[in-house]
Every structure is written in structure tokens, then in C-alpha cells.
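The structure under discussion appears below in the form of C-alpha cells.
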Amino acid sequence: MPTLALINFNIVCATLGGFISLFGLVSYLCKEQFYLSEALISLLAGVLFSPHAANFIRPEDYALHSDENLEVITLHFTRLVLGVQLVLAGVQLPKRYLQIEWRSLGLLLGPGMAAMWMCSSLVIWAMVPNFKFLHALIIGACVTPTDPVLSNSIVKGKFADKHVPLELQRIIIAESGANDGLGYPFLFFAIYLLQYTGMGSQSFSGGVGKAMALWFYETWAYTILLSLLYGTLVGWIARKLLHWAEEKRYVDRESFMVFAIALALFIVGTCGLIGTDDLLACFIAGNVFTQDDWFRLETIDDSLQPTIDMLLNLSVFMWFGAVCPWSSFLGNSVIPIHRLIFLGILVLLVRRLPIVFTMHTWIPQIELVSQAAFVGFFGPIGVGAIFYLSVSLEFLRKIQVNGEAPEDVKQVMESIRVVVWFLVVHGLSVPVGKAGYHLPATISSVISTSTHEEREPIPISNISHTHSTATPLTTGEDASFRSRKRGFRSVTPHPPFFGIGRSPSHQPGMGQDDEPERPVHLVIHPTRSGDNKPQP
């Protein structure tokens with residue numbers, strides 16, 4: 001007799017698939033009309049399906065009721081999502097972008113990150129009662145990087161098209177991609193000092209000298225520099241191999257399109273094996289991989305990579321909604337809820353705004369004061385913060401004296417859970433801020449100002465196909481092969497934009513300001529009346 005198989009796998013598949021399907025039906029309405037990001041909606045869905053409500057998603061069952069196992073699952077889930085996101089962030093930047101814009105990025109990643117770390121730490125130290133500044137430095141390091149996943153909700157879609165100039169979008173993508181992998185030096189500077197000087201009589205032997213030696217050798221040399229070299233090498237080899245396979249006609253369209261995502265998985269796995277910084281390696285590899293702009297232009301109009309990226313983002317924020325320690329915000333021994341709320345507001349105000357305002361005159365992409373306010377305010381805290389939270393807990397758990405964790409370590413572990421999780425949830429108020437951003441029309445009109453003029457749509461009634469000039473089309477057999485491999489498709493024109501569904505895309509025949517034009521080829525067929533007009 002048939003029976004219900006109420007096992008976790010079936011329940012998770014049904015829940016995840018049902019949510020993504022239902023969200024897809026109203027995704028344009030949510031994101032483009034109400035300015036609600038998929039991250040916020042997924043987080044709320046995770047709460048709805050978590051043990052706090054419907055109990056469809058049961059993280060403790062998957063982790064065998066072990067907090068340590070649950071943290072390990074979260075750590076590797078965030079590694080996967082960030083790895084894919086950062087490779088794609090590197091891929092979508094234009095040719096030699098890091099080399100060309102090194103001054104602007106140097107300011108944002110050098111003094112910018114240091115100021116964000118220090119400002120966040122000072123606010124946490126001031127707001128958490130009886131808290132040591134060294135402990136605050138650990139928490140501040142977790143929330144210093146800007147999240148590339150949430151940054152996409154700012155620089156993509158109708159909101160960005162209307163109000164964020166192209167060059168500003170690119171610098172936000174580059175900063176969020178690079179600084180996510182550069183959180184290690186700030187985090188382990190504080191952790192090593194805690195281990196060797198910050199636990200009083202229980203501190204490890206070696207003092208400040210040993211802590212700084214480990215920081216320079218293990219963090220800077222092995223974790224940061226090695227990941228830079230490794231990411232550069234892997235990205236360069238991958239680009240050469242794909243060029244070779246393309247010239248030999250060994251690669252089909254599907255494998256070509258998924259190559260960047262496969263590259264991300266490879267880097268995450270191999271960097272994990274050798275214990276270096278997979279986040280930084282992924283971003284560098286993605287940028288080196290498209291150093292000649294070939295792969296970016298070949299895939300600029302395809303939706304496979306954004307689709308996979310969206311599925312990962314929806315899944316990880318549903319997971320966050322299910323595993324977030326919601327009850328600890330109200331009941332904990334670290335900080336009362338009223339201080340926690342005020343802490344979130346202060347971090348939002350002073351974490352980025354002061355340093356961005358100070359430096360914006362030296363950053364060409366930030367042309368206006370209102371744009372500096374925009375960049376300073378929208379520096380989201382998200383998946384990257386949970387990743388560094390998990391890294392911190394994994395390392396702190398290993399600090400033991402006589403088989404037990406010292407009191408300082410216990411205090412830091414409890415504090416970091418409460419504060420970082422709350423700041424992540426608080427940071428998801430960014431979409432609400434975007435909606436409110438439209439209320440004052442004057443601010444809206446100022447930020448939408450750009451040095452680039454708006455282009456008029458091309459008056460084309462029908463389009464046969466488009467192709468990138470990065471790899472020229474030829475005739476005969478070559479054209480047949482390219483058409484078969486790239487899967488040219490007919491596109492129905494829409495006055496200002498061309499795209500699938502309601503999502504805007506590039507106009508045919510028009511690239512970005514610094515990109516080669518993507519020519520439009522029209523096939524002309526005679527009509528019965530003898531007049532010629534474009535036909536698909």
C-alpha cells in the first residue's frame with residue numbers, strides 16, 4: 001500500500017522548488033516595482049519554512065543536532081556561493097579593469113577597508129557593555145567586506161539603470177569582489193593578538209612577536225599572496241585552454257557557457273585543499289580569465305550564469321533564514337535588544353559614509369556628493385559576513401587551555417554570533433531603502449545624472465541574429481559551426497530594451513561606451529507586393 005515518504009530530502013526539494021517557482025511568478029513585480037531584493041524575500045521564506053514556523057526546513061536534523069556541524073555546513077555553503085559570485089563578478093568587468101582603475105580600487109581597498117574596520121569596531125566597542133576593544137576588532141573584521149551578492153541588487157535591474165551611472169556600477173562590483181577576499185588580514189590580526197596576548201594568564205606563549213609573525217607569514221604570505229598568484233595562474237591557463245578549444249572547435253555551446261562556473265568550483269575546491277584564500281583567488285581568476293574581454297563579450301547576452309547565480313542566492317538566504325539565531329537577539333548575555341538596534345543603525349551610518357565622503361574627490365567614478373552618499377550608505381553586509389563569522393568560530397573553537405575554551409574566547413564566540421547575525425539581517429533593509437529612495441524626486445534626479453548621454457533605441461522591426469565582434473564570423477563551414485555552437489536566437493524587439501520576459505537587456509548593435517559595437521545583421525526577404533522589409 002502506498003505511504004507518504006516524509007524524509008528530509010523530499011521535503012527540502014518540494015519546499016525549495018515550490019518557493020522558487022512561486023517567487024518566479026512575481027519576481028519582476030517584487031524586484032523592479034517594489035524594489036525588494038531576492039535576498040530579503042528568500043530570508044523571510046527561510047524563516048517561514050524553518051523550525052520557528054512551518055518546520056519544513058530542519059537545519060538541526062541535517063547537522064545531527066550539533067552546533068559545530070551546523071557551522072561547518074554554513075561555512076561551506078557560503079564558500080560555494082561566494083566563489084561562484086566572485087568569479088562572475090570578475091568576469092563581468094571590462095578589459096583590464098583592475099589595471100586601469102588601480103588607483104580608485106587602491107583607495108577603497110586600502111584606507112577604505114581599514115577605516116571601515118576601525119569605525120565598525122569602535123561602534124561595537126562603544127555599544128556592547130563590558131566589551132574589550134580587541135574583541136570588537138574581531139567582530140568588526142567580519143562586517144568590513146561589502147557583500148557581492150547584495151551589491152548585485154544595487155547595480156543591476158531597473159533601479160541601477162535609472163539611478164546608478166555605468167562607471168559607478170563597475171567600481172561597486174570591483175570593490176565588493178576584491179574586498180570580500182581581503183577580510184582575512186583584519187580578522188586574523190585581531191584573532192592572533194587575542195590568542196597570544198588577549199587572554200591574560202591563559203594566553204599562548206610568544207606574545208605580540210609570535211602573533212605578528214603568524215600574521216605576516218600565514219595570513220599575508222600564504223593566504224593572500226598565494227591566492228593572488230594562484231588565481232592569476234588558473235585564470236590565465238583557463239583562458240588559453242578555452243581559446244585553444246574554441247579554435248579547434250572542441251567545445252560546444254553549453255560547455256562554453258558554464259565554463260566560468262566550473263572554474264569557480266575548481267578554485268574553491270583546490271584552494272580549500274591547500275588552505276588559502278579561495279574568495280580572493282576566485283575574483284582574480286575571473287578577472288584574468290576575461291583579460292582580453294573575449295569571454296565577457298561572447299556571454300554578455302546569455303542568461304545561464306545569472307540564472308545559476310540566482311538559484312544559489314535564493315538557496316543560501318533561505319538557509320540563513322532557517323539557521324539565524326532569532327531568539328538570541330532578544331535573550332542573550334551580551335547586549336540588550338535596544339542597544340543592538342541602535343548598534344545596527346550606527347554601523348550603517350559610520351561604517352562607510354565618513355571614509356567615502358573623505359576620499360570621493362580622488363575617485364573619478366564618484367562624481368557627485370549625492371553619489372558619494374549612495375556608495376557610502378549602500379555597503380551591504382551579507383554572505384561574506386556569515387562566511388567570516390564561520391571562519392572565526394572554527395578557529396576560536398581550537399583555542400583551548402587544558403581542554404577547555406578560555407572565558408575570553410567564550411565571550412567572543414557568543415558576542416560574534418549575536419552581533420554579526422543581527423547586522424546581516426539589518427543590512428537586508430537596503431531594498432527598503434531603495435524604495436524610500438524614490439520619495440524625494442530631487443535626490444533621484446541628482447543621482448541619475450551621468451556624463452554619458454542616453455541612447456535612442458534602434459528603429460529595427462525584426463532582428464535575425466546578433467553576434468560579438470570579439471571572434472569574427474566567417475562564411476561557409478565556420479559560420480555554420482559558430483551558429484550551431486552559440487545557438488543564435490531570434491529576439492523580439494521592445495522599444496528601449498531587448499530581453500527575456502520583463503528583464504531589460506542590451507540593445508542590439510550597441511555595446512557599452514568602451515566596448516566594440518555588436519553589429520546587427522538583418523535578413524531581407526522580398527514581400528508579395530515587391531517591397532522589401534526586414535524579416536526574421
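Along the chain as shown, residues are numbered 1 onward.
From the backbone N, Cα and C atoms, a Cβ is placed for every residue, glycine too.
Quick look at what TrEMBL annotates:
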{"type": "COMPBIAS", "residues": "462-474", "note": "compositional bias 'Polar residues'"}
{"type": "DOMAIN", "residues": "25-392", "note": "domain 'Cation/H+ exchanger transmembrane'"}
{"type": "REGION", "residues": "462-536", "note": "region 'Disordered'"}
{"type": "TRANSMEM", "residues": "6-28", "note": "transmembrane segment"}
{"type": "TRANSMEM", "residues": "35-53", "note": "transmembrane segment"}
{"type": "TRANSMEM", "residues": "73-93", "note": "transmembrane segment"}
{"type": "TRANSMEM", "residues": "105-127", "note": "transmembrane segment"}
{"type": "TRANSMEM", "residues": "133-150", "note": "transmembrane segment"}
{"type": "TRANSMEM", "residues": "171-194", "note": "transmembrane segment"}
{"type": "TRANSMEM", "residues": "214-237", "note": "transmembrane segment"}
{"type": "TRANSMEM", "residues": "258-290", "note": "transmembrane segment"}
{"type": "TRANSMEM", "residues": "310-328", "note": "transmembrane segment"}
{"type": "TRANSMEM", "residues": "340-363", "note": "transmembrane segment"}
{"type": "TRANSMEM", "residues": "369-389", "note": "transmembrane segment"}
Between the transmembrane segment (171-194) and the transmembrane segment (105-127), are there three or more CB pairs that fall under 8 A, provided the residues in each pair are separated by 6 or more in sequence? yes
Recorded stretches the transmembrane segment (171-194) and the transmembrane segment (73-93) touching, at least 3 CB pairs under 8 Å: yes
The answer for the transmembrane segment (133-150), taking Cβ pairs under 8 Å and residues 6+ beyond its ends, is 37, 39, 81-82, 85-86, 89, 113, 116-118, 120-122, 124-125, 173, 175-177, 179-180, 182-183, 186-187, 189-191, 193-194, 198, 313, 316, 347, 351-352, 379-385, 388-389, 392, 408, 411-412, 415-416, 419-420, 423, 427-428, 430
Folded-back contacts onto the transmembrane segment (258-290), same chain, C-beta under 8 angstroms, at least six residues removed: 79-80, 82-84, 86-91, 93, 95, 97-98, 177-178, 180-182, 184, 222-224, 226-228, 230-232, 234-236, 238-239, 242, 251, 296, 299, 304-305, 308, 384, 387
Under an 8 Å Cβ to Cβ limit, what residues of the same chain, 6 or more beyond the ends of the transmembrane segment (73-93), are close to it? 59, 62-63, 148-149, 152, 170, 173-174, 176-177, 180-181, 235, 260-261, 263-265, 267-268, 272, 278-279, 282-290, 295-296, 299, 305-306, 308-309, 312-313, 315-316, 319, 323, 383-384, 386-387, 390-391, 394
Cβ under 8 Å to the transmembrane segment (6-28), counting only same-chain residues 6 or more beyond its ends: which ones? 38, 41-42, 45, 49, 56-58, 61-62, 311, 314-315, 318, 501-503
